[in-house]
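J.: Structure provided below as structure tokens; questions to follow.
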Ligand code: SF4
């Protein structure tokens with residue numbers, strides 16, 4: 001998972017500051033590196049990249065002084081290629097048709113095969129990201145104008161790719177034909193924006209115009225939007241359902257659905273499927289389980305308490321690079337309020353179980369805080385299969401629900417009861433047809449094209 005942002009409008013310094021702000025709003029989508037590319041007043045492509053969080057990787061002061069009419073930015077979380085500055089995006093290239101910069105969210109599933117083919121024809125790769133394949137595919141289409149070369153390149157890709165690119169002074173955005181990762185268009189005054197999530201439009205006070213459609217290429221220049229298509233006809237769509245469960249911010253809308261509303265509905269459906277007859281109160285694992293817990297509490301007519309407090313300065317646990325750091329992260333991240341919990345039967349709602357370590361440690365500290373019974377309720381189905389499309393869920397062997405049935409997993413975690421949402425209820429909560437959604441990490445139904 002990564003975050004991408006693009007902007008095009010009149011030449012003014014605030015455009016680069018907008019990218020900085022947009023990336024700040026997308027920080028939850030990647031914390032390993034951040035970067036910005038822009039065309040300066042002289043038409044030269046400029047780049048600023050660094051490792052770490054946006055504020056550490058980029059200089060707001062310098063960016064706010066720069067003038068440019070179009071820019072793109074990226075926050076990275078690696079799923080293909082190691083965490084290093086050579087893989088920080090945007091990537092750029094100068095080839096026979098000019099300069100190109102590109103930033104990508106997703107995972108191209110046939111990248112290795114394409115890379116081997118390109119290398120056999122003389123291509124030399126500078127990074128280990130799958131994104132660089134797009135630049136080389138473009139460069140091999142010497143007879144085509146750059147936009148046509150990009151369309152041809154994208155038509156060869158399989159898997160997940162939402163991209164923003166700078167080509168010939170234009171802002172280009174594209175979403176794969178299956179629609180895996182979100183991508184939205186926004187507008188403020190004469191400035192157009194493209195972002196992974198609508199929360200990044202809010203911060204620059206842009207209006208959410210619409211989503212980029214699956215298979216669409218959008219070219220923005222001089223205030224006009226041109227829409228083209230990637231010439232691939234998929235049998236069905238694969239919009240990532242896990243974006244609604246956990247990945248996206250609740251203040252974002254994806255494909256016409258409010259993430260907040262979906263999470264509330266997930267909790268309500270969970271209460272129907274997984275009641276807790278002797279539960280006295282509902283609490284959510286902060287932050288991504290909180291809205292589901294609220295939905296569960298309302299639907300089951302139980303009080304909702306914010307009885308677990310989260311240290312806001314600790315990042316998301318499952319996307320930290322090592323198991324040891326992940327475990328330390330959980331321990332320093334969450335703290336229960338003992339007096340609310342002691343001697344009571346509690347229903348704890350979490351968004352998902354991936355490795356199971358967060359749930360296990362949480363149940364342990366809730367017991368230490370004096371909970372009598374702990375009913376763990378999960379507002380998504382068991383994650384039994386790895387994601388191939390840009391989310392760093394581990395191999396099956398490291399997925400708790402792939403290695404244990406629900407009873408064994410309950411014992412491993414230490415809860416009194418454990419219950420998961422059903423796949424049908426997940427689909428029902430998002431309110432899109434099953435043929436529009438990817439649920440592969442829950443049911444193993446991968447894209448087979
Ligand atoms: S496998 Fe899961 S996380 Fe990956 S794209 Fe599909 S729904 Fe999203």
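Cβ coordinates are placed from backbone N, Cα and C, and glycine is handled just like the others.
Bear in mind that the values here come from a model prediction, so they are computed numbers and not experimental data.
If you look up TrEMBL, you'll see 2 marked as active site, nucleophile. For 2-223, the entry in TrEMBL reads domain 'Glutamine amidotransferase type-2'. Annotation source TrEMBL lists [4Fe-4S] cluster binding site at 240, 387, 438, 441. Residues annotated as Mg(2+) binding site in TrEMBL: 288, 350, 351.
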J.: Using the structure shown, find which entry in 2, 240, 387, 441 (the recorded positions) has the sparsest Cβ neighbourhood within 10 Å.
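T.: Counting other Cβ atoms within 10 Å of each of the recorded positions 2, 240, 387, 441 gives the minimum at 387.
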J.: Any idea which of the binding-site residues 350, 351 has the thinnest Cβ neighbourhood at 10 Å?
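T.: Each of the binding-site residues 350, 351 was scored by Cβ atoms within 10 Å; lowest is 350.
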J.: Using the Cβ centroid of 240, 387, 438, 441 as the reference point for the [4Fe-4S] cluster site, which residues of the same chain not in that list have Cβ within 8 Å?
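T.: Near the [4Fe-4S] cluster site, the remaining chain residues are 180, 238, 241, 242, 389, 391, 439, 440.
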J.: Cβ under 6 Å from an atom of ligand 1: which of these recorded positions qualify? The list is 2, 288, 350, 351, 387.
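T.: Once distances to ligand 1 are taken from each Cβ, 387 fall under 6 Å.
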J.: Please work out the number of neighbouring Cβ atoms within 10 Å of the Cβ of residue 438 ([4Fe-4S] cluster binding site), leaving out its own Cβ.
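T.: If we count other Cβ atoms within 10 Å of residue 438 ([4Fe-4S] cluster binding site), we arrive at 25.
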J.: Tell me which of the recorded positions 2, 288, 350, 351 ends up closest to residue 441 ([4Fe-4S] cluster binding site) in space, Cα to Cα.
T.: 351
J.: What same-chain residues, at least 6 away in sequence, bring their CB to under 8 Å of the CB of residue 288 (Mg(2+) binding site)?
T.: 245, 246, 350, 351
J.: Take the mean position of the Cβ atoms of 288, 350, 351, the recorded Mg(2+) site. Which other residues of that chain put their Cβ within 8 Å of it?
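T.: The surrounding set, listed in chain order, is 245, 246, 284, 285, 289, 292, 349, 352, 378, 379, 380.
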J.: Which state, by DSSP, holds residue 387 ([4Fe-4S] cluster binding site): helix, strand or coil?
T.: coil
J.: Any idea what DSSP makes of residue 350 (Mg(2+) binding site), helix, strand or coil?
T.: strand
J.: Work out how many Å separate residue 387 ([4Fe-4S] cluster binding site) and the residue listed as 'active site, nucleophile' at their Cα atoms, rounded off.
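T.: Distance (Cα to Cα, whole Å): 14 Å.
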